[in-house]
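S.K.: Here's a structure for you.
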Amino acid sequence: MEVLATDTVSQQERLQAIAEKRRKQAEIESKRRQLEDDRRQLQYLKSKALRERWLLEGTPSSASEGDEDMRKQMQEDEQKARSLEESITRLEKEIDVLEFGESAPAAPKENSAAPSPIRPHSTSPAKEEQKSETMVNAQQTPLGTPKENRKSTPVRSPGGSTMMKAAMYSVEITVEKDKVTGETRVLSSTTLLPRDPLPQGVKVYEDETKVVHAVDGLSENGIQPLSSSEVDELIHKADEVTLSEAGSTTGPAEPRGLAEDVTRTTPSRREITGVEAQPGEATSGPPGIQPGQEPPVTMVFMGYQNVEDEAETKKVLGLQDTIKAELVVIEDSVTPREPAPLNGSAAELPATKEENQTGPTTTPSDTQDLDMKKPRCRCCSVM
């Protein structure tokens, strides 16, 4: 029965402490809102007084009723400003008292080594329990002593109980510090599962989400605790190293064979006026099948260019300084034709005799047909 009564009393005290804390939070919020309103009103009064003073300085020395009213208003505004300044100072002190309690101000540096005075007994049992627990934890884990690795991080709930939050993963980071510049360089980063055995070391940083231990690397001056910014920078560098390693292993440079295959699949035939494309030159096979051909060339498309001038077109296509030649193909016939003489009368008689002796010969129409059957002339450019 006594144990149950004690538990009930402690539970009631905790509820009272929580209610008191909420009441203080609400009071602090209301005082802060009032403080902001007073500051805005004080700023308005100061700017108004400055404007009125500037107007009074520009008026002539002869006083008038309007000037007297303005001076009276300035005096009233100054009194309001003084009262607002006092109210602001009082609210700031009250907020400090509500946030930090009725603790004494910080002692000077020369008295910092003196033992702390006995605290008043006005604090609630819940606060006393929390303070004593904090002191015990501080005595159990002094700075610089090794501590066993834990796979979970303790998180204190609002009710005051300690709840263990399981760790999702661990990261082992190997760093190297330059003694001259003091720069820290990350050598490697390895992700460990929570079930893997964690190496033992000295805890240098801890918060609600992560714990950092220093392993194998004791410096001459001992291990210094890390700040949150240093931990974030270290994690960022480790992520960069991990990404660079992943890129070097999974994303190698494209081999030449792949580039050649891509080049072979793309059409390489290009029609240019004056150049005849041969059938064997349209595509190039693999180097192993046709050793006589040259290896393919990778071409990069740089864009289109609209050219209207013929000279500019030749310049763009590389045909500016070329020589044009005409190729004429002559086929052999049954009776080669002799060139006609300058005077056709002398050769007409033998021709008629030969026609009477040998029979009919080729007519001009047949000659025309023979000329039409000849291949057409082709124009080529000699580069």
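Even glycines carry a Cβ here, placed using N, Cα and C.
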S.K.: Of Ser189, Ser219, Ser333, Ser345, which does Swiss-Prot mark as phosphoserine?
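M.R.: Swiss-Prot annotates phosphoserine at Ser345; the rest carry no such entry.
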S.K.: If you check Swiss-Prot for phosphoserine, which of Ser61, Ser122, Ser132, Ser284 comes up?
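M.R.: When Swiss-Prot is consulted, phosphoserine appears for Ser122.
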S.K.: From Thr141, Thr266, name the one Swiss-Prot lists as phosphothreonine.
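M.R.: The candidate carrying the phosphothreonine note in Swiss-Prot is Thr141.
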S.K.: Using a 10 Å cut-off, grab the number of neighbouring Cβ atoms around the Cβ of Thr242 (phosphothreonine), all chains included.
M.R.: 17
